[in-house]
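J.: Dropping a structure here in structure tokens format, bear with me for questions.
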């Protein structure tokens, strides 16, 4: 009996829910290891989330077993794991000093996330799902761990006592400071600098409404910095340092003004691309000169563009070398962004005017400057977007100058790192223009356009819009004919877009399966992993499964299972299971090709996931063998 449209819709929804769960667990797995005062809580939460991966793997292979009630529970579970991912990212990118001073706040956050995941898991009736006993037992183990975790927050009495001493004593014992620095994982100059940046970003984004004293945190950071620097050298180094500390550091040539040869405080760019100290180049121009002092090339215009990126690098160098950089008279920084931000409203306004009214060279330079600023930090991305740069950058995507087009699409890519900017970019109708850039002359522009589409596709609704904008056939073209990096960017974007069922159909109709098959044949291209991953996603749809089956891929998958790397063997087995599950014809074809030997080897020597897939496939093959034997006996 053919399935009804309601049943087909339910199957599609189940597949999408499982794909979403796999994607968010993958994002959690990709987060760097978290160090510092909350490392135990973070590691435990991340580990428990990753332990759910086998459950989602098996559900992806058999979405038919997911009923409506289970589907709603899985969607709820996905939302709670997204909360867990956001909590882990918040800790990873945040100030360790703030985290330890407000530990109770973070404990409440993690407790809430843990309870939410436990509640969502409890709502799933595992007995109604077609999963193996091993996976069911592992899921139940995670449930038990989550339940126990609610009442087992660590005690940090010694650290609390040390912090109290460090915060309230003018001259803290170095031993106490050393214990704090080790517990917070602030052990070297690089750790201190990262903590300083995290603290600064937190303060500036809070608009002064923090629940802890900024002065206390800054004071503690300074004490820890002095302690770390004091302990970083041996006695002999300290002796040398005491002799050499009066010798000023050598200023890098790139930081000197070509006119004065002094350290630049307010670097600006002229039309030739050279950078000078503002006051000196202004005097040069006011004296009637029409050429670049360094290159002697004619200046096409007298506009001076602030070099925010170089200014930021100079400020970092000064801070690292204990040099106080005098502030330029009359300059101001946007208070919302803080004193260490790379950009201010007046500087951004200058760049936007050039993008609107400037000639081609000025537009190119302005777009390039915004590209670098947007890459620099989170504050810049907010500032640039709020200034109204996004619509202007989108207009430059149609520029006839390849370099300008490249700068514009890369600036949009960097801006899209901010979640709010993703929506702003799509609402400004950028998608058709970005798709056009995918077919431009510049390979770097095409690479970054693909990366921008991947970034934007993180929002589920955008997956639909990107597919409707015609991106998928063009991405497939880049996947086949792009540079190595372009192929990787296209594969990543296609994988994410094909999590949406409608895009799978578009990709199949565009002939993606044939292209991916050629990538598997030409293993030297370095795209085997990516090809298998996309094929596995496509196999969860009926259209994809039919196309893959018709491409006669099974012999190639068996070969990869025997000769590929551990990851390739695992992905080949997962794809083979998706193709054979519920399809007796394919199972018999696999058996006829002698797959059992390769599967037995994989079930013993492969990764955990590979062993599960190989074992499941062997079980299916044995089932059809037993059925065939029974039929044969009856005939006799």
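Just so you know, the numbers here start at 1 and follow the chain as drawn.
Yeah, the Cβs are placed from backbone N, Cα and C, and that goes for glycine too.
Copying in the features that TrEMBL gives for the protein in this structure:
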- 250-324: domain 'U-box' (DOMAIN)
- 388-430: repeat 'ARM' (REPEAT)
- 429-471: repeat 'ARM' (REPEAT)
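What does the local environment look like for each feature on the list?
T.: With DSSP classes pooled into helix, strand and coil, the tally for the repeat 'ARM' (388-430) is 31 helix, 0 strand, 12 coil.
Residues 20, 390, 394, 397-398, 402-403, 405-406, 409-410, 412-413, 416-417, 422-423, 477-478, 482-483, 485-486, 489-490, 492-493, 496-497, 499-500, 502-503, 506 of the same chain sit 6 or more residues outside the repeat 'ARM' (429-471) yet have a Cβ under 8 Å from a Cβ within it.
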J.: According to DSSP, how is the domain 'U-box' (250-324) divided among helix, strand and coil residues?
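T.: So the domain 'U-box' (250-324) is made up of 25 helix, 12 strand, 38 coil.
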J.: Summarise the model confidence on the repeat 'ARM' (388-430) as a single mean pLDDT, whole number.
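T.: Averaged over the repeat 'ARM' (388-430), per-residue pLDDT gives 92.
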